[in-house]
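Some features that Swiss-Prot has for this protein:
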BINDING   Asp14, Ser64, Asp440, His441  Mn(2+) 2 binding site
ACT_SITE  Ser64  active site, phosphoserine intermediate
BINDING   His125, Arg155, Asp156, Arg187, Arg193, Arg259, Ala260, Asp261, Arg262, Lys332  substrate binding site
BINDING   Asp399, His403, His459  Mn(2+) 1 binding site
Amino acid sequence: MSTAKKPLVLVIMDGWGYSTKQEHNAVAAAKTPNLDRLARDYTSTLISGSGLDVGLPDGQMGNSEVGHVNIGAGRIVYQELTRISKEIKDGDFFQNVELAKALDSAVTKGKAVHIMGLMSPGGVHSHEEHIMGMIEMAAKRGAEQIYFHAFLDGRDVPPRSAQSSIEQFDALFARLGKGRFASMIGRYFAMDRDNRWDRVQQAYDLMTQGKGEFTADSASEALAAAYARDENDEFVKATRIGAAAPMQDGDALIFMNFRADRAREITRAFVDSDFTGFARAATPALNFVMLTEYAADIKTACAYPPTALVNTLGEWLAKQGKTQLRISETEKYAHVTFFFNGGEESCFTGEDREIVASPKVATYDLQPEMSSEELTDKLVAAIKSGKYDTIICNYPNGDMVGHTGVFDAAVKACEAVDHCVGRVTEALAEVGGECLITADHGNAEKMLDEETGQAHTAHTNLPVPLIYFGRKAEVLEGGKLSDLAPTMLTLMGLPVPPEMTGKPLMILK
């Protein structure tokens, strides 16, 4: 009989940053006896999860996709935001083959160009500068009918901040003498990632048929009406703007979000021939271009295909003959699998995956503990099974509840995670396993935007904790997320592949 394995577990507490400011800080306000004890009694430090350290522009807040890609890669991975922004600046963007092909086809046939995406300066799922660049490109290549279908953010930026973006787009349309807003809807509907197809359908029907709950003559008027209905940007209901601009056969549709997880569902509604999420009233034959590859099995043109990452942690562990488990709730399952593996959808040899359904509630402040207890039940069972050399687990609570802006709920979310961390370390102590506890980016430690006085629902660029529950060790300061994979490999007594440029942060005594 084979010897039971003593796993090294990586616990990622999503959206759990560190701030010296105590006010409006859900992490500090929460009662976290387990994490307090672990930070006191074991080796701990702070590491960076934002800006240049994760391949984003200087000062740009981190996010879950970027964080998990960097953790899994063991090197700084330059992000699509940085890559596309640079190409717009250099002019290369305007020569992009797939974008040009879709635009030219529409222009030749006298068809419309539809552009959809998250209108936001947030830089997490999209950047409005990219969308503006796309509108300029369409105009330069001779498109006469340019329609922008705006998804509103209010999550990675203040909850009511879309008006300044609207004004910038209106100024662009005026300067070009062409183009306009055709529709507006909150990201809550258009960018679902949890198979809530009733939400997605509202965005789909709005864009394809001009069918919305509300109509307005301008985007500013649409937003003012939404605010009068007490809808923040994220939750703005389907609104048609101006005359209906339904999508027709032969039109071009370009999706300007660069982050995959919240772009997949709406994309599948447009491009999958065997789509079953909801009954589509209209299925126009469009020249659909996704800005980046949202999933390997989505068969449509892609402006910026992925650049392959060789020897990510998952791939390297498989090559070393090690077993691994990836486990999280629905909300962060893609992050511990697809993103952690550098955009690789399939499992490596010896890699198991376990998903726990996130609760079906409208917003997670209504159930801040989410499914953390069930997730921990499965994680503890996996630790005690003796089957795995390493386990990667994500607790979504700090991030998902932090995004709601509800302080008391975020405090409860942090307390729920702390309770679970206590259970995990207790199970590891029983089997002689070890644990690294960290986060991918900040969020819950800042719940009020002091400048606007609004709830702070976005991520932060603050550092995140790193605690090593294991042997006695000294820590190298100044670490970042890309140092975690080399740290894990070193603790497991394994070589670090040359592609990983991160450094091991724990030096065993």
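FYI, residue positions are counted from 1 along the chain as it appears here.
Just so you know, glycine gets a Cβ as well, placed from its N, Cα and C.
Not measured: the values here are computed from a predicted model.
Where Swiss-Prot records a feature, it is marked here on the structure.
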residue: Asp14; record: Mn(2+) 2 binding site; contacts (Cβ under 8 Å, 6+ apart): Ser64, Lys332, His335, Asn394, Tyr395, Pro396, Asn397, Gly398, Asp399, Met400, Ala439, Asp440, His441, Asn443
residue: His125; record: substrate binding site; contacts (Cβ under 8 Å, 6+ apart): Leu118, Asp156, Arg187, Met191, Asn257, Phe258, Arg259, Arg262, Ala263
residue: Arg193; record: substrate binding site; contacts (Cβ under 8 Å, 6+ apart): Asp261, Arg262, Arg264, Glu265, Glu331, Ala334
residue: Ala260; record: substrate binding site; contacts (Cβ under 8 Å, 6+ apart): Glu65, Thr292, Glu293, Tyr294, Ala295, Ala334, Phe338, Gly343
residue: His403; record: Mn(2+) 1 binding site; contacts (Cβ under 8 Å, 6+ apart): Gly15, Arg155, Tyr364, Asn443, Thr457, Ala458
Spatial neighbours, same chain, of His459 (Mn(2+) 1 binding site) - Cβ under 8 Å, 6+ residues apart: Gly15, Ser50, Met61, Gly62, Asn63, Val124, Asp156, Asp399, His441, Gly442, Asn443
Least buried by Cβ count (within 10 Å) of the binding-site residues Asp156, Asp399, Asp440: Asp156
Sparsest-packed among the binding-site residues, when each Cβ's other Cβ atoms within 10 Å are tallied, from Arg262, His441: Arg262
Ser64 (Mn(2+) 2 binding site) CB neighbourhood, other CB atoms within 10 A: 28
